[in-house]
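**Q** Attaching a single structure in C-alpha cells format; questions to follow.
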Amino acid sequence: MAISFSYFLIILLIFFFPLHNLAQNNGRVSTSSSVSATYESTPWLSPSGDFAFGFQKAEENKDQFLLCIWYENIEEKTIVWHANMSDLVPQGSILYLDPQRGLILNDPQGNALWRTDIVFGNVDYGFMNDTGNFVVMGSDSSGPLWESFGNPTDTLLPNQILERGSFLVSQKSEANFTQGRFYLRMLDNGNLVLVTQSVPSNMDYDDEYYNSQTFDSTNATNSGDKLVFEENGVMSVLKRNNQRQILTPRSIPSASQNYHRVTLNFEGVLTHYYHSRISDSSGWNVLWSQPNNICIEIDGDKGTGACGYNNVCNLGTNNRPVCNCPQGYSLVDPNDAYGDCKPDFSISCDEVGRGSPEDFYSFITIRDTDWPKSDFQLISPSTEQDCQNACLNDCFCAVAIYRSNSCWKKKLPLSNGRIDTNLNSKAFMKIRKDGVPGLPIPGSHQKNSWRIWAIFASSLLGSSVLVNVLLIGVFCWGFFHIYKKKVNVLRPTSHVTDSFCHSFTYKELVEATDEFKEELGRGAYGIVYKGVMSGGSRSVVAIKKLDRVAHEAEKDFMTEVNVISQTHHKNLVRLIGYCNEGPHRLLVYEYMSNGTLASFIFSDPRPTWSQRTNIAMGIARGLAYLHEECSTQIIHCDIKPQNILLDDYHVARISDFGLSKLLKINQSRTDTNIRGTRGYVAPEWFRTSPVTVKVDVYSFGVLLLEIITCRKCLENDESYGTEAILTYWVLDCFQEGKLETLVQSDIEGLNDKKQLETFVMVGIWCIQEDPSTRPTMRKVCQMLEGSVGVTTPPCPYNFSNTI
Ligand SMILES: *[C@@H]1O[C@H](CO)[C@@H](O)[C@H](O)[C@H]1NC(C)=O
Ligand SMILES: *[C@@H]1O[C@H](CO)[C@@H](O)[C@H](O)[C@H]1NC(C)=O
Ligand SMILES: *[C@@H]1O[C@H](CO)[C@@H](O)[C@H](O)[C@H]1NC(C)=O
Ligand SMILES: *[C@@H]1O[C@H](CO)[C@@H](O)[C@H](O)[C@H]1NC(C)=O
C-alpha cells in the first residue's frame, strides 16, 4: 500500500513537474521562466485558474499565435488583453521573463518582437493575478514595474482603472487583432469619450460619438479624474472632488458569481458584459452599452460612419451595428463587411450627350435610408418624380433622398449611411441598367471579346469529337456566366399598349399564390409559382417571379410584356397579365396541367409515337410563328424540353419566350450574350457569324431527336459509352441504316418507317453546323407534315473552321 502510494506520487511529480512548476501553481512566475508559442504549451495561470497568460493560436492563420491573457474557465475564447503588435507571431516564438528588462518576446530566430521595456529596477517575479492583471514585480516591492492593466487593449476588467490620458482601442475585426479606428479615451479635461480616428494620420476626429459630460469648464475640481471599474462591477467616472458619475445601471449581477468585462468592440460599441462563473450555458450577456445607436451617433463629416463608404448601417442586437451594401453595390474587400462598398457599375459624365440618361440608368427605391453627409444640392420644394428626374439628368448624382417635399442630390462616395425609421424618407438609388455596359460604348469592346472566344472555339473544332462536345458544354456555361450581365444591349423601345394584358398589383399576386407557397418550377429568370385568381372564374395560373430583370427599367419590362402579350398561338403559353410595382416584376401565365415535356418524354413508359409526333409538330409550328408571324420577331434562344409545357390535352406549348432577346424585323443579329442550355446551343454562338433565328432551329433539331428517341441529348451515365451524345449516335444509326435501334421496341414508330425516317432526317438538317444550311421553321413544319419532301441531309459536322 505504502509502496504503491509513493509510486503514485512519483508518477504525479513526473507528469506535472515539467508542466507546472511550483511558482506557477500560485500565480507566481519566477525570473528566467518562459512559455513558448506552440500548440501544446502550457500558459501561466492565476491562482484560481480563472485567467491564463500565454499564446493562443490564431483562428485563421495556421501556425500563428497571439500573446494574450484570456479567461481559462470559459468555453468561449475570450481575450482580455493582448500584446500590441501589428502582427501575429510565428510558432516557436518564446516569451521570457528577463531579470532586468521584464517580459521579452522573441521569434524562433531570437529577434525581439515585443517587450515590456522596463527601464528601472530589477525584476523579482511575475504574477498572474486572479483579477486578470499580469504584473511584473520589482525587488524593491514598491509596486509593479509593469502591469497589463496599465497597458490595456480593448477591454477593462474589475479593479482596473483608466487614468486621464489613457485609452482603449478596438480591434480591426472580430479575428484581426491589429488596431482598429475606434477609441475610448479618458481625456485630460475629465471627459470620457468615444471617438474615431483618421487613417493614416492617427488623429482623432473631433466629433465624439459618446461623451460622459464630466468636464466642468468653470471649476476643474468638478471634472472627471479617471474611469474606475470597481471590484463589484460598478463602472464610474471618478471626479477630482471624489464624486462618482456612475455609468452602470443600478442593479448589477453579483461579481462573486459572474465575470464582468467592458470591451470596446471592433465595430465601435462599448459594451459591459457579464458571464456566470459557474455555468457556460448562457454565455456572455450585455449589461449596458454606449452609444445607443452608433449608426446615427457617428455623425461627423470628416470620415465615414460606423460602416465604410457607400455602406449602410443598421442597428442589430445589443446596439451593435450591421452593415450592408445597398443594392447595386458590393464590398471592396469581401471579407470586411464593415468596410467600403463600390458600385457594380460606372456612373460617368462622359456619357452626357451620347444618349438619353434613361437608356443608361434606372432607379431603385429604398425606404428610410440616408447618407446625410454626401449632399451637393438641395431642391425644395420638389415632388418624388421631379426628384428622381433631377438625379437622372445629373451625371454627378448617385442617389437622391426625398423627404418632406424636399430632394437632396448626393454624390459618391456616400458616407455615414444609416437606416433610420424616423426619417420617413425615400432614397432613389441610381443603377446602371442591366446589360448597358460602361464606357467604352457598346460594340467595340464586345466584338473583341467575341473574337477571342471565337478563335478559342475554332481551335476546339479541330480536336476529337467527344472532347469537343464536352468542352463546348463547359464553354457554354462559362460564356453564359461571363455574358449574363450583358443581356439586351439598348433594346428597341416601342409604345406600350397593354390592351390584351391585365395589370395586377403585387398584393393581388401575393394573395393568389398564398404568399408564394407552391413552387411549380425554376427557370432561367426566376421561380414559377402556382396561383388561383380570385373572382368569378377562380382560374388556376402560373406566376413567374422575375429575379434577373428586377433592375430593369419599367420601360424595358413593359416593352417585353407588350410583345409577349401580343403573341397568340395555340402552341404558346399565353400571358394573362403582369405586375410591375416597385421592385416587383411578375408575369402571370395560363397554368399547364401536364408539366414539362422533359418529364413526359423521359419517363417510363415512354409516350406513344403519335403523341410524340404531334408534340414535335406543335413545337415546330409555335416556333415558326415566333420567327415569322409576330409583329416583332422573337428568337427563343433556349429551346429545350424543360421549356415546353403540356396542356390538358397534351398539346405542346412553348414557354419562356420573349423575355431575353427581342429582334426587330430586318435586324439579323444582336450583340448579346450566349443564352441557352448545354447540349442545345447552336455552334454559331461561338463564332462571329450572326446569331439568328437559326439558333432555335438547331435547338429544335436536338429536341426533335430527343422526342424521337426519348433520350436526353447528353447522357452522363457511363453505360451509354460511345452513345452518350445523342446526335452522334443518331447520325451513326442513320448512316448505317439502323433506324429501328433509335426507337427500340416502339411498334408504332417501327410501323411507320417512312415517318420515322422523315423525322430523323429533319432533325439532322436542323443540327447542321452551318446555320444557312438549316431549314427555316416554316420549312421544318412542311417537312414534318409531309407536304414537302425531305432530301438526305449532309453530315452536319464537316463545316470548316473559318471564322
Ligand atoms: C505598444 O504600447 C506601447 C506602450 O503603450 C507603445 O509604446 C508602443 O508604441 C505600442 N506598439 C504598437 C505597435 O502599437
Ligand atoms: C492581486 O489583485 C488584488 C486585487 O486587486 C490585490 O489586492 C493584490 O495585491 C494583487 N496581487 C499582486 C501580487 O499584485
Ligand atoms: C489585419 O489587418 C491588417 C490591416 O488591414 C492587415 O495588414 C493584416 O494582414 C491583418 N492580419 C491578419 C492576421 O489578417
Ligand atoms: C469648485 O467646486 C467645489 C465643489 O465641487 C467648491 O467647493 C469650490 O469652492 C469651487 N471652486 C470655485 C473656484 O468655484
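Just so it is clear, glycine is given a Cβ too, placed from its N, Cα and C backbone atoms.
Below, the features straight out of TrEMBL:
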- 1-23: signal peptide (SIGNAL)
- 30-149: domain 'Bulb-type lectin' (DOMAIN)
- 349-432: domain 'Apple' (DOMAIN)
- 452-480: transmembrane segment (TRANSMEM)
- 514-788: domain 'Protein kinase' (DOMAIN)
- K545: ATP binding site (BINDING)
**Q** Counting by DSSP, what is the helix, strand and coil composition of the domain 'Bulb-type lectin' (30-149)?
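**A** Reading the DSSP string over the domain 'Bulb-type lectin' (30-149) gives 2 helix, 56 strand, 62 coil.
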**Q** Under the DSSP assignment, what numbers of helix, strand and coil residues are found in the domain 'Apple' (349-432)?
**A** 16 helix, 33 strand, 35 coil
**Q** Take every residue in the domain 'Apple' (349-432), average their pLDDT values, and give the whole-number result.
**A** 90
**Q** Below 8 Å Cβ to Cβ and six or more residues apart, same chain only. Which residues does that give for K545 (ATP binding site)?
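**A** Residues satisfying the criterion: F516, G526, I527, V528, Y529, H584, R585, L586.
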